[in-house]
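TrEMBL has this to say about the protein:
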type	residues	note
REPEAT	46-78	repeat 'ANK'
REPEAT	79-111	repeat 'ANK'
REPEAT	112-144	repeat 'ANK'
DOMAIN	183-377	domain 'Roc'
DOMAIN	700-787	domain 'CARD'
Amino acid sequence: MAEAGPEEMDLYTFFTAVEEGDVQTVRRGLEAGVDVNVKRRWGDWSDQTPLHVASRYGRTELAELLIEHKAEVDARGELQSTPLHRAALMGHTGTCELLIRHGADVMARDELQETPLHRAAAGGHTGTCELLIRHGADVMARTKVGRTPADAAEDRRTRRVLKNREKEVIQEKSYHELLQKSGGVKVNRCKVFVFGMAETGKSTLKESLQRGRVAALLQGLWSSQEEPHDPTPGVDVGTFHIPGVGEVSLWDFAGQAEYAVTHSMFMDAENTVFIVLYNIMDDSEEQERQLHWWLSFIKSCNPNRQPDVILVASHADQLQVRDRGQRQAAHLLHLMTSEFKDHLHISDEVFLMNCKETLTPEMDRLKKLLASMRTEMFERQRQMPKLCGEITKHLFSWCKKKCSPKCPVLRWPDYVEAVKEIDPHVDEEFLLKSTRHLHRLGEVIFSCPSASDPIIVLKPNWLCTDVIGPMMAPVNFPIPRPERTSEDYVTRAEIQRVFQDVADVDLLITLLQEFQLCHSYDGQTFIFPGLLTQTMPPDKWQPTLEPKVVYFGKQVQCADSTDMFSSGFFPRVQTRLMRELENRPLLWRDGAKCWDLNVEGLIKLSPDGRAVTICVRSVQGDKGQCGKMLQQLENIIADVLDECSPGTGTVEKVLSARALKEHREEFYSYGKEEISKATTEGGAISHPTLGFTEQVSDLLCREDEDPLTRNRPELVQALRHVEPILDHLQARDILTVEECDSIRANRTLRDKARELLDTLGRKGKSAWEVFKKVLVEVNPYAAELVL
């Protein structure tokens, strides 16, 4: 470039001003004739335009100025990356939004076939990922080596969001395939879920909603003032005609804590209105606590969806001053609507009512609102694939003719035979997809055990009320002590006694295990984590005087006040620990302790249920084994969160190793941004509360997460056939004959896959590298998870 004149500007000065966000200098440069699309090397990247640099550093105002001066929004730099790729990688959501608004291609591909969504995912920028998805980014897009954005995500929260989106896309694709192959039928379905703590009047409201005018008048003549409380066991489900509303499927969810453990299994159904009751006579703080808990619970089970919610204050007949109750109900409605406005669609109508009475203005308003919501739901309700519609018509008769009414369950071969009476030419793969769709709609319950054929529960009410209700009732399984521990087994004989009318108790037990409600080590005694009442004794995690001991830990916290871990989350974590760990863990209502080789692990649920803490320690100072156990426990928690609390936002923290070693009463942690900053500034980090300084290297027991361990849940799913893999690994002297036989001896396909991964994990990096090469040859899908 020629020597700069008095009104010219050299490119170094211009690009520096862009990087630093100096708008005035950049404006002068443009006025002096600097080419807005000029390219040069900047930092570690070649062929960068000014807009690439502005995007990289999140200089949104400057980017807008450059675009106004005709900057190319899709200019290509090194590796064919665009400005949107650069902004997405750094998580500059505002800059991304500006670029998209001016026409940037959200599906632009670089030389590696990565999209901006891949870059945002790799950077762990959840908000940026959500912006890109809203503007059309494809969550299923694959790179040259077959990685989706979720595969690229290092941050667990980002990965969860992307996995949820992937699941939605797969379900949508499946739905459209079903519709295309079988055609669609209009089947109007409306569910009403009724929630609330015990004795808030849920069952009473359900009965009053169904009552016609004549029945209501007669009921008013003979009903007593105080009827004995008859608690709902589990979930009571029935289809009823509500006068003034129409036919609805009404689900009454038990309010007792022991039943809430299983509620999350059913709370993500489509086409549903949620009614949440609370007692206006309770203390105002208690009312607010209960409402907040139920709304957070609903949100935790409904990702990427805003369900319709109605708040109802009950026991209005006990108020001395109704106006005061009305003001309190309106105040609570305002509080909840303000807090949950981005997650739930809460009706703005205030309901304060006596749930026993049918012929009241309040009941009429509630019915009118339900009718309106039902009509709107039908208008936007999609067609049901024709085969699904035909199956729903036959469910009732199948319960009587194809199986025992006391156990309305069909195994897959019998189910296929029943469906072939409707369509003799039905393809089993197509039927599998159809049945999964019916499961998502809540019409049936579909379970696919790893070691046997699929199981279909034809009548969800049976599982909810007749199975889960008695199973989770402590009175049915008495123990000789005040608190239930993991040593207080439920025996097969007890299950047979409680379910004596069910012919196939083995099938029932299989269902309970598949829904991760229990685990058995011997097939005769069963541990139900959801029944545990004993909290962790303090002496189970004590300091050690061993000089070599090292501690590490992570904490998964709810992201904001609207988040919670669903009630089924921690019991399922405990069930998974029993299934997957080689050594049997100790379990309590709020904790679990495990060990392997020279490492101990502790998982602790906080008293408020909003944080899960994982600690690992090794008295021999084995940092590597600590890392493996920590990774395994993190994977289990992430996997269960995806299953039963997919709508819960989380934040991950790294625990203070020194505070862990000192066994302080509370857990102290650092945010990931604090860790990253300290790493770049010398490696020392100071805790703002405790006042001491630690080294980042003492907080982390692994430098990088290996995809083989990070994607373990997906790998276990993908490794459905281990035989050819074992043959290859044995031929290459990676596994011995004895090790292969031990893996084959496992009962289920998943257990075989888990032992294979565990065995390879103990053999070190060279064995893993051979394993990757074998996967490329025999299981390309699994290979994509580890490359």
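Even glycines carry a Cβ here, placed using N, Cα and C.
Predicted automatically and left uncurated, TrEMBL annotations should be read as such.
Listed by sequence, the residues of this chain that lie at least six past the ends of the repeat 'ANK' (46-78) yet keep a Cβ under 8 A from its Cβ atoms are 14-15, 18-19, 21, 23, 26-27, 30, 36-40, 84, 86-87, 89-90, 92, 94-95, 98-99, 102-105, 108. The average per-residue pLDDT of the prediction over the repeat 'ANK' (79-111) is 95, rounded to a whole number.
Look at the repeat 'ANK' (112-144): DSSP puts its residues at 16 helix, 0 strand, 17 coil. Across the repeat 'ANK' (46-78), DSSP helix (H, G, I), strand (E, B) and coil residues number 17 helix, 3 strand, 13 coil.
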